[in-house]
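Here is what TrEMBL says about this protein:
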type: BINDING; residues: 15, 17, 50; note: divalent metal cation binding site
type: BINDING; residues: 15, 16, 17, 42, 43, 64, 65, 66; note: 4-CDP-2-C-methyl-D-erythritol 2-phosphate binding site
type: DOMAIN; residues: 9-156; note: domain '2-C-methyl-D-erythritol 2,4-cyclodiphosphate synthase'
type: SITE; residues: 42; note: site 'Transition state stabilizer'
type: SITE; residues: 141; note: site 'Transition state stabilizer'
Ligand SMILES: [Zn+2]
């Protein structure tokens with residue numbers, strides 16, 4: 001089924017991982033220094049890249065990353081999330097769309113991520129072929145409601161590419 005040729009389409013994605021000691025915490029491809037705990041995941045657990053990839057797919061009603069990269073498949077163990085995102089982006093381009101801008105919200109109680117805002121924006125932008133001013137990065141805490149999780153929510157605008 002071919003997605004309707006709208007001038008633009010919106011995509012939304014979410015991802016969450018449990019945090020545990022002895023794991024690295026990577027968000028948007030940026031290793032988080034001083035993180036006491038990291039994401040428990042079958043892949044590298046980068047919740048930002050997973051949510052962005054899901055947002056890209058949802059914008060074109062192409063399903064979700066779990067369909068393309070099942071977490072039960074042995075070959076996906078330790079998978080680099082940049083590969084997942086590149087695959088989602090390739091599908092978007094196949095349908096003649098490109099991301100125009102991205103808004104992402106990371107909810108994490110500790111550590112504070114404010115100093116890494118520009119690094120995360122720059123890295124996500126580079127992976128999507130965008131300028132860093134097209135990637136808005138907001139940080140929230142759960143106010144202690146979910147201290148053992150990292151949660152990410154992402155919206156993306158997909159613009160139709162002519163030709
Ligand atoms: Zn994930």
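Glycine too: its Cβ is placed from the backbone N, Cα and C atoms.
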Sequence-ordered recorded positions from 15, 42, 43, 50, 65, 141 with Cβ under 6 Å of an atom of ligand 1: 15, 50
Whole-number Å value of the largest CA-CA distance among 15, 16, 17, 42, 43, 64, 65, 66, listed as 4-CDP-2-C-methyl-D-erythritol 2-phosphate-binding: 16
Lowest local Cβ density among 43, 141, which the record lists as recorded positions, within 10 Å: 141
The domain '2-C-methyl-D-erythritol 2,4-cyclodiphosphate synthase' (9-156), counted residue by residue under DSSP: helix, strand, coil: 52 helix, 45 strand, 51 coil
Least Cβ-crowded entry, counting other Cβ within 10 Å, from the binding-site residues listed as 15, 64: 64
Check: same-chain CB within 8 A of divalent metal cation site center, minus 15, 17, 50: 16, 39, 41, 45, 46, 47, 48, 49, 51, 150, 152
Other CB atoms, at most 10 A from the CB of residue 17 (divalent metal cation binding site): 21
Residue with minimal Cβ packing [other Cβ atoms within 10 Å] among the binding-site residues 42, 50: 42
Cβ neighbour count within 10 Å of residue 16 (4-CDP-2-C-methyl-D-erythritol 2-phosphate binding site): 15
Residue pair residue 141 (site 'Transition state stabilizer'), residue 16 (4-CDP-2-C-methyl-D-erythritol 2-phosphate binding site) - Cα distance, angstrom, rounded: 14
Cβ neighbour count (within 10 Å, all chains shown) around residue 65 (4-CDP-2-C-methyl-D-erythritol 2-phosphate binding site): 25
Neighbouring C-beta atoms (10 Å sphere around the C-beta of residue 66 (4-CDP-2-C-methyl-D-erythritol 2-phosphate binding site)): 11
Residue pair residue 65 (4-CDP-2-C-methyl-D-erythritol 2-phosphate binding site), residue 17 (divalent metal cation binding site) - Cα distance, angstrom, rounded: 15
